[in-house]
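Peer 1: In case it helps, TrEMBL gives these features for our protein:
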ACT_SITE  Ser33  active site
ACT_SITE  Lys80  active site
DOMAIN    3-91  domain 'Peptidase S26'
DOMAIN    97-140  domain 'Peptidase S26'
Amino acid sequence: MLKNLLKTIFYGGAVGITFIDYVGYVARVEGQSMQPTLNPLSDEMDYVFLNKLKAKDYTVSRGEIVCLISPKDAQQRIIKRVIGREGDTIHTIGYKEKYVKVPKGHFWIEGDHVDNSLDSNTFGPVPLGLLTSKATYIVWPPSRWRMLSSESVRQPIKFGKNESLSS
């Protein structure tokens, strides 16, 4: 009986670790930077499913909510929305340059509550290599269960044929 219990715990642990390492995990979202999408009430925290499989090829779409290693602190993970992809021109909010063309291999991220967010407006375009996962569902509290949509709050700038950053 004890042998079967230990065997179940061992295999269950192995499956659980494999799932977390390759598929994803649930994480608590702290702070107000993604309000109102995440943590709309200051006294409650959302828990989201972070899907590693959807991030394994390091491609992002505008509007997706992603988790990444903070460019300021490698020990910290941050959750933000993708505003621009490589080649997009972004009208920044408080960044050192008014317009930024997102370089190859990078993306531009912002919190939905942009006035209360440490994001690309602080540290600039982010290397795609810092992407760890994509937030796909709110799983807690039960009243907020839902799939997270890829709505984009802000759009990159589209220039006409004869326009550019220097025009």
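Using the three backbone atoms N, Cα and C, a Cβ is placed for every residue, glycine included.
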Peer 1: Should Lys80 (active site) be counted as helix, strand, or coil on the basis of DSSP?
Peer 2: strand
Peer 1: If I take the alpha carbons of Ser33 (active site) and Lys80 (active site), what is the distance between them in whole Å?
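Peer 2: Per the Cα atoms, Ser33 (active site) and Lys80 (active site) stand 8 Å apart.
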Peer 1: Reported in the order helix, strand, coil, what are the DSSP residue counts of the domain 'Peptidase S26' (97-140)?
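Peer 2: Computed counts for the domain 'Peptidase S26' (97-140) are 10 helix, 20 strand, 14 coil.
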Peer 1: Within 10 angstroms of the C-beta of Ser33 (active site), what count of other C-beta atoms is obtained when all protein chains are considered?
Peer 2: 23
Peer 1: Among all the protein chains here, how many other CB atoms are within 10 A of the CB of Lys80 (active site)?
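Peer 2: There are 25 of them.
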